[in-house]
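Copied over from TrEMBL, here are the features:
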type     : residues : note
TRANSMEM : 33-54    : transmembrane segment
DOMAIN   : 46-292   : domain 'G-protein coupled receptors family 1 profile'
TRANSMEM : 66-87    : transmembrane segment
TRANSMEM : 107-128  : transmembrane segment
TRANSMEM : 149-173  : transmembrane segment
TRANSMEM : 211-230  : transmembrane segment
TRANSMEM : 242-263  : transmembrane segment
TRANSMEM : 275-294  : transmembrane segment
Amino acid sequence: MASRSFSIEGVNNVTEFIFLGLSQNPEVEEVCFVVFSFFYMVIVLGNLLIMLTVCTGNLFKSPMYFFLNFLSFVDICYSSVTAPKMIVDLLVKKKTISYVGCMLQLFGVHFFGCTEIFILTVMAYDRYVAICKPLHYMTIMDRDRCNKMLLGTWVGGFFHSIIQVALVVQLPFCGPNEIDHYFCDVHPVLKLACTDTYIVGVVVTANSGTIALGSFVILLISYTVILVSLRKQSAEGRRKALSTCGSHIAVVIIFFGPCTFMYMRPDTTFSEDKMVAVFYTIITPMLNPLIYTLRNAEVKNAMRKLWARKVSWQTTGK
């Protein structure tokens, strides 16, 4: 074990943590290695394709695609904080991470996860303005305001994650050092602290829960107002708006469902936590490109033009 005896002063004696991982069955781990390697490849390539399409398809000028571009970037970063380490650990018997590495991973998960929540909230506001105030859309959502809103999502994510990490690093860890998870998250790590973590657990839950539930309520209200206002639109307008909002609503439900389960509760852990975490750290970033591509005519058209341009370039090159 990488822990030594606990000193009275509460000095942190743990230098590394050991993950128990998704499974202790070698055969299951081999299957998981293949499956999650494929999932991670889809996440990176799918979201890079979205970013390339937005940047080269003249869509970047639109506020919706401006935010979609950064959502794809955050999805890549968010999954990259946990997925590569998890995939490598599936091939080794002892899954270790240093204390510093654990704190950095905890910071990354909450930084990019919270930033994604705020970007989804901003995208909901963008759809609200586009559908409910179409004549003032470009005035309200000008590039300067979009940049400020985007900066706000990053700053908000940073402050949220700094609070989470600050609450954990001041705790003493003297052993055991086994984390029943495949990455460092607040609740599993708090279980290993050699002190009473009730107050810290309450603050952590209040911090994460307020952001998750508050953003979810704002999103529900926004999309409810949008759907009600669609009654005044023409049939074609309703179809286009529903197509766009439908993809946003699907992403919101897929992402916020597991997040609410994980963080809107006291400082407790369940056996289902690992599979729920897989859903919002791996599955959601993988599905986002598919949802936005399959349900969005503009993105599909831009991808066709990008492909046609590539084929034309290769033909000309020959």
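We number each residue from 1, going along the chain as drawn.
Yeah, the Cβs are placed from backbone N, Cα and C, and that goes for glycine too.
Spatially, the transmembrane segment (242-263) is not adjacent to the transmembrane segment (33-54); fewer than three Cβ-Cβ distances between them are under 8 Å for residues at least 6 apart in sequence. Here the transmembrane segment (149-173) has Cβ contacts under 8 Å with residues 3, 6, 10-14, 66-67, 70, 99, 103, 106-115, 118-119, 122, 125, 186, 189-190, 192-195, 197, 200, 203-204, 207-208, 211 of the same chain, all six or more residues outside its ends.
Here the transmembrane segment (33-54) does not lie next to the transmembrane segment (211-230) in space: the count of CB pairs under 8 Å, restricted to residues six or more apart, is fewer than 3. Residues 22, 36, 39-40, 42-43, 46-47, 49-50, 68, 71-72, 75-76, 78-79, 81-83, 109, 113, 181-183, 185, 247, 250-251, 254-255, 258-259, 261-262, 300, 303 of the same chain lie 6 or more positions beyond the ends of the transmembrane segment (275-294) yet place their CB under 8 Å from a CB of it.
Here the domain 'G-protein coupled receptors family 1 profile' (46-292) has a mean pLDDT of 88 out of 100.
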